[in-house]
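One structure, as structure tokens, below. Some questions next.
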Amino acid sequence: MRILIKNIRGLAGVYDDAPSLLRGKEMDKLPMIENAFLAIEDGKIALFGSMDDWGGITDWRNLEVIDAEGRYVLPAWCDSHTHLVFAGSRELEFEDRIKGLTYEQIAKRGGGILNSAAKLASMSEAELFEKALPRLSEAIEMGTGAMEMKSGYGLSTKNELKMLRVIKDLQKETGIAIKSSFLGAHAIAADYAGKRRAYIDLILEEMIPAVAEEKLADYVDAFCEEGYFSVAETMEIVARGAEYGMKSKIHVNQFNALGAIPELVKAGAVSVDHLEVLEEADIQALNGANTIATALPLCSLFLSIPYTLSRKLIDNNAALAIATDYNPGSAPSSNMALAVSLACIKMNMTPAEAINAATLNGAAAMELADTHGSITNGKVANVLITEKCEHLSFLPYSFGKSAIAGVINHGKVIKAIEE
Ligand SMILES: N=CN[C@@H](CCC(=O)O)C(=O)O
Ligand SMILES: [Zn+2]
């Protein structure tokens, strides 16, 4: 299957040789070719350039031509932090929060992560897969081309492995790039209440070896937070993951700054995620680091907690990504376009910074920047086509109603524009 997109008003995120990530001031540069074309072949980006330099395709057989006059084309979203596999929604907790309870208070009553774990325990692997697949299809239709997914609602060896196997099956079923993270340290399992050290030992001695044995996860994760896992416990998990060949992506600084970020940067974490509460030492540790700071604006919106100080991080030379955090408790949405809008509206990021954070840096936060996140020959043909608009900033400006009119995933038209 071959596709030619012609007459593109602006082709954004173009690189002959894409950087592996963008940091600080680089994030405000979104290379663009005006009046451009893009050719796709066998699911890959084959050629792009200005319509003025158009050499012409000589073989028009099996070629679908899309006229993108007046529209922008950009790389598809790379959503580097989700909990897409879960058993059920938690809208009653949403009501509780409206009535005044906090996320922490709901968790203390057995709601939150433990509520999701109880629901998931009684669900078969097949049922869990059936529930997750439409969520993933919806995300792809909204423009996500690669995604990270976590376990963390299992909290027992059996149920953590069940979640990770579902993630593997979602990858096989859809063919999209999915990276998986083992998040056994999401909460202390209910049957280990009062025995936290025993639960941590279970993670270290049984879960991580079992996950590695089946090659079910790319990364280890932990919820480093008061009432969940301490900095020391988190670093034990990071070290054990490393012994088994898994790098780390860690939930940190959501409600409290415990001081883990400098240690995680030193330990070579791929990303540190959430960061709603930041101290000067955290910002300094991320200055020039390869560890990506991942902001989750949909979670800030949904829980009414602070937004990550992205402006400050970028101005201090950090590499920043944006992801959805799609999960039933704190961000029940896979809408990356909305996350990008919020990055501009609430986090003072420029449209170029927000788009880079959601594409190339999102790919980097999954170690997928060689194949995803930019318009580069040979990369996977995951692209978005906007509605007709005068400036690309119309995309984040048009919040709530996505201005994405067309979606191409692995060279297949998932959503067609109306020409
Ligand atoms: N903060 C920890 N984990 C999830 C929420 C999990 C849940 O509430 O189910 C998050 O990233 O926001
Ligand atoms: Zn999360």
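Even glycines carry a Cβ here, placed using N, Cα and C.
Automatic prediction, not curation, is the source of TrEMBL annotations.
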Report the candidate from D169, D325, D370 that shares the Zn(2+) site with H81, H83, H251, as recorded in TrEMBL.
D325
According to TrEMBL, R90, Y153, Q254, S330 bind 4-imidazolone-5-propanoate; which one of H186, H372 is annotated to that same site?
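That 4-imidazolone-5-propanoate site, as TrEMBL gives it, pairs R90, Y153, Q254, S330 with H186.
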Counting distance between Cα atoms, which of the binding-site residues H186, N327, S330 is nearest H251 (Zn(2+) binding site)?
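Given the candidates H186, N327, S330, the nearest one is H186.
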What's the CA to CA span in angstrom from H81 (Zn(2+) binding site) over to G329 (N-formimidoyl-L-glutamate binding site)?
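Here the two Cα atoms are 14 Å apart.
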Out of the binding-site residues I have (H81, R90, Y153), which ones have their Cβ sitting under 6 Å from ligand 1?
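Not one meets the Cβ criterion.
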Distance between H186 (4-imidazolone-5-propanoate binding site) and H83 (Zn(2+) binding site) at the Cα atoms, whole Å?
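Just about 11 Å between their Cα atoms.
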With a 10 Å radius around each C-beta, find which of these binding-site residues (H81, H83, R90, H186, H251) has the fewest other C-beta atoms nearby.
R90
Which of the binding-site residues R90, Y153, Q254 has its Cα nearest to the Cα of G329 (N-formimidoyl-L-glutamate binding site)?
R90
Note the mean pLDDT of the domain 'Amidohydrolase-related' (72-415), expressed as a whole number.
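On average, pLDDT over the domain 'Amidohydrolase-related' (72-415) sits at 97.
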